[in-house]
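Chemist: Got a structure for you, questions after.
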Amino acid sequence: MVCFASLRRALPLLLRATTTTTPRFLLPRALSGGVGGGAAVDARALLRGHSGWRGLRVAARMMLDSSDSAAAAGQMQPQQRAAGAVACSAQDGGAAGYASGGWAREDGKLKCGYSSFRGKRATMEDFYDVKLTEIDGQAVSLFGVFDGHGGPRAAEYLKENLFENLLKHPEFLTDTKLAISETYQKTDTDFLESESNAFRDDGSTASTAVLVGGHLYVANVGDSRAVVSKAGKAMALSEDHKPNRSDERKRIENAGGVVIWAGTWRVGGVLAMSRAFGNRLLKPFVVAEPEIQEELVNEDLECLVLASDGLWDVVENEEAVSLAKTEDLPESVARKLTEIAYSRGSADNITCIVVQFHHDKTE
């Protein structure tokens, strides 16, 4: 997602496009040669002083799904379980970098399964979170896939904080869309502040689904995707945030940024997505403002698939939801989709959450 090799080549174009005077950016202390966070520095001098952007190439730590590390990373069981929700299973692949699990509500109306695989990558930068809770007697379910780039920290931060922040929002039950939008952007700000002294520039996507009563809210930042099956047809509830999307390109250019071809279309010739958490060096062009879709949970809504682009790069929307409708256990669906993506040559981490809606049925 991040092309560091092209960053140095593209930066002069970005600088010329954004200002006619000496460019000055707000940079973390680690990148500004000891200048306090919030101080402006000459970006050209910074580039010379740090031998280009080699300093941003921070080796991501290996994150294997052993029983301890998977649990610590939120990669096993939901952290909160509402009354009436029962765990079905949880498996981890140890050194294989594989984890999966699932649960079902006792009334049989909602089932969830998830699978996460390091795949062909040496490091794991995908995270996911599943939470079930109750607020003022209202059952709430939250599902999220976070695909990191430039390191795992941003995705891990979202797993640890995004839903916790959302559940604390005062308007969560009364204006859920507003709560989601504000929480996404606040969490992004909090992450950037927490990393202000860190010598890295991690970023992450977020594809989330929040079920409150009979309403499903799907929010997206980046190129992870959410797809539902509605009345037998696959329907994407999110649109990938790519720099060559006409509306996204216009937004970036209006903010003073540029979209450059460097193997694919990239913001400033660097990032192959137009919205993300983190990526402080590309703010304000790369934002964490989500696009949100609301769906009524009725008999037409059959299933939901959330996944990172490691799946969607090689699996079509229709194929994913078709499998989700034919299998009884959503964990089995998630595992099969992960295996299909890997067998088709997906070179990325692969993470998938499958939610099945069963209307007027009991187990």
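Every residue, even glycine, has its Cβ placed from backbone N, Cα and C.
I grabbed these lines from Swiss-Prot:
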- 1-59: transit peptide (TRANSIT)
- 111-357: domain 'PPM-type phosphatase' (DOMAIN)
- Asp147, Asp309, Asp348: Mn(2+) 2 binding site (BINDING)
- Asp147, Gly148: Mn(2+) 1 binding site (BINDING)
Chemist: Between the Cα atoms of Gly148 (Mn(2+) 1 binding site) and Asp309 (Mn(2+) 2 binding site), what distance do you get, rounded to the nearest Å?
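Modeler: Rounded to a whole number, the Cα-Cα distance is 11 Å.
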Chemist: Which of Asp147, Asp309, Asp348 (the binding-site residues) has the most other Cβ atoms within 10 Å?
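Modeler: Max Cβ neighbours within 10 Å, all protein chains included: Asp147.
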Chemist: What kind of secondary structure is Asp348 (Mn(2+) 2 binding site) part of, going by DSSP in three states?
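Modeler: In the DSSP reduction, Asp348 (Mn(2+) 2 binding site) maps to coil.
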Chemist: What is the total of other Cβ atoms whose distance to the Cβ of Gly148 (Mn(2+) 1 binding site) is within 10 Å?
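Modeler: Summing over all protein chains shown, Gly148 (Mn(2+) 1 binding site) has 30 other Cβ atoms within 10 Å.
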Chemist: So what's the mean pLDDT when you look at the domain 'PPM-type phosphatase' (111-357)?
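Modeler: It averages 96.
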Chemist: When DSSP is mapped onto helix/strand/coil, what comes out for Asp309 (Mn(2+) 2 binding site)?
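Modeler: Looking at the DSSP assignment, Asp309 (Mn(2+) 2 binding site) belongs to a helix.
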